[in-house]
């Protein structure tokens, strides 16, 4: 008896022999989930990815790790295991710190954090010594490295008068005084004393006037000095540049208010000395305010010239001579009526090992924040298409200001002024 051959009907109505074909459901297209190659920190093992990124030293032939993508897992020497996991049992996550593998935005996996290798390292994160530019100490006080200039002394505004001239003037005055006294006693004539007083009084008045108004005269000179255009400035030219500042590789932070991203910060503690009170420093006189503690820092920063729009690097760090004229504001005022100290102020004093006994104190803080309008006076330097402003090697003189009866004033270093109110908004950058 013959075997019946199965048949079936097509959709067109035609009967054909054979069993109907089993239609398999169409698979939805899925994204390829190829494993990411583990390089162990060596960019030469990245294969096609290394060639795509033009990493030097990558061979034209695909590496062993890249040829095994379709096998389901990748093994690289002692770091065996699937790429989706690290040496531990948990899934690998992207972190910004630590010593474990890191997945870069391009997909390349390295053995260290971003920025630790030769590819991801960025300039400006470390100073020349390899140490961090700023690190908080155990007490909470920020300690900066050699890239930040610490201004320990006040700005010295002086007058260049020869010592020989001073001694000659004093000798002449002493001799005239002796002659005048002798003539007054012997001859009863006061002509010599009157003439001597006519010479001495104006000299003393002029000296006192310059001591009181010398600093303001210097600030007036800086304000009236014409702004230069950096586009046409030549190498070695002394210029004044006014513009908006931005932080360099090391932004500063004020110590008390914690104002971030500053190019200059200063914090000063003053104490008032009454009759028989404690002195803040050896030169502290009675019934005056004396400086007990001071910290001032400045680092390299950039300034965008208002005249030409060019950007210049101001070399204020690494121990450069800088003369900042920034008016600080009072942030803490301890008086006789208000002796309660805030926890923040007590912590600030404790970090610097300063006593908080019964004293009249005043804490002042000044800063130049990123985005402030600043005027800088220095010497232009051009090096490898980099425009810089560096301190002058010679003291800067204001010249004689005859109308204001001011003698020539000299100041050393890079002159830095900022007239912006610290409480006002700055230009966002």
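For all residues, glycine too, the Cβ spot is worked out from N, Cα and C.
Of the candidate ranges 101-121, 122-142, 143-163, 164-184, TrEMBL annotates residues 164-184 with the feature transmembrane segment. The range from 190-213, 214-237, 238-261, 262-285 that TrEMBL describes as transmembrane segment is residues 190-213. Same-chain residues lying 6 or more positions outside the transmembrane segment (164-184) and placing a CB less than 8 Å from one of its CB atoms are 190-193, 195-196, 199-200, 203.
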